[in-house]
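Residues annotated as signal peptide in TrEMBL: 1-19. What TrEMBL lists as domain 'Ion transport' is 2-253. The transmembrane segment annotation in TrEMBL covers 53-75, 82-100, 154-175, 196-213, 225-254.
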Amino acid sequence: QFIAFASLFFILVSITTFCLETHEAFNTIINKTEQVINGTETVLQYEIETDPALTYVEGVCVVWFTFEFLVRVVFSPNKLEFIKNLLNIIDFVAILPFYLEVGLSGLSSKAAKDVLGFLRVVRFVRILRIFKLTRHFVGLRVLGHTLRASTNEFLLLIIFLALGVLIFATMIYYAERVGAQPNDPSASEHTQFKNIPIGFWWAVVTMTTLGYGDMYPRTWSGMLVGALCALAGVLTIAMPVPVIVNNFGMYYSLAMAKQKLPRKRKKHIPPAPQASSPTFCKTDLNMACNSTQGDICLGKDNQLMEHNRASGRTPL
């Protein structure tokens, strides 16, 4: 539990640092304008420098993630399966850019600066650390199992949307050209749907019932196509969703039932009674006796021994 809470704490701190690095309060613009030698032209160069405190905080988080990753590598029984795990790949990819950036920060060559610029763009990989929470939260694991089990439904949904986007983008293109002016053959002044690829964006936004409003039909025929596109989008999305919801409900019920199961405890097996114990006695007719019947059992045992002596038998 301590490792889980520590990992959760550093993940949240790392993500918070990643978000704060983009805020203008933690960024300083440095003017690095240089004069061109072969002329009077001045090249303006600006560089954004992040607050060093955030860099130190990120360094502490990366040290923890590195320690955790190395410990899990060392104690992993199957190294090949460990490498193939997606969460472990995310851990490695999120850790590596920080060390490369620190190593190349002291170099002044142009190639090093280009690599540093690329690594700063790749910083977004750090946000993938949020998926590490699946090791500690049941809900995220249930979501992952649901997405894995619903692959066919998601593929079916994408195919339905792709067909609808293609059909309605073509229809809106020709529907909006109905009222074009004769002196405007391309209909660039009459409508925003100048070609079919532009209509793809409008069809996706309309079928998902999002409706940004940046593009909309202006003719009665285009409005009719837009209405059909919205209705088709609602029906298309509504068909595979119940299957996905059922899968989520099934995995969630299994996870909750597993949590409610009692933990297995080691059963305590009492030691066998010794011959000197008062609870140890021999009874005829295979009758069991406990410690409260010790006197009765001993009395019966003495009577049995006297009977054997009288008959000349030797007790075993």
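A Cβ is built for glycine as well, from the same backbone N, Cα and C atoms used for every other residue.
Keep in mind that TrEMBL annotations are predicted by a computer and have not been checked by a curator.
Keep in mind the model is a prediction, meaning the values are calculated, not measured.
Taking Cβ pairs closer than 8 Å, the transmembrane segment (225-254) reaches residues 142-143, 145-146, 149-150, 153-154, 156-157, 160-161, 164, 168, 171-172, 175, 203, 206-209, 216-217 in its own chain, all 6 or more past its ends.
Remote same-chain partners of the transmembrane segment (82-100), defined as residues 6 or more beyond its termini with a Cβ less than 8 Å from a stretch Cβ, comprise 58-59, 62, 65-66, 68-69, 72-73, 76, 115, 119, 122-123, 125-126, 128-129, 131-132, 134-135.
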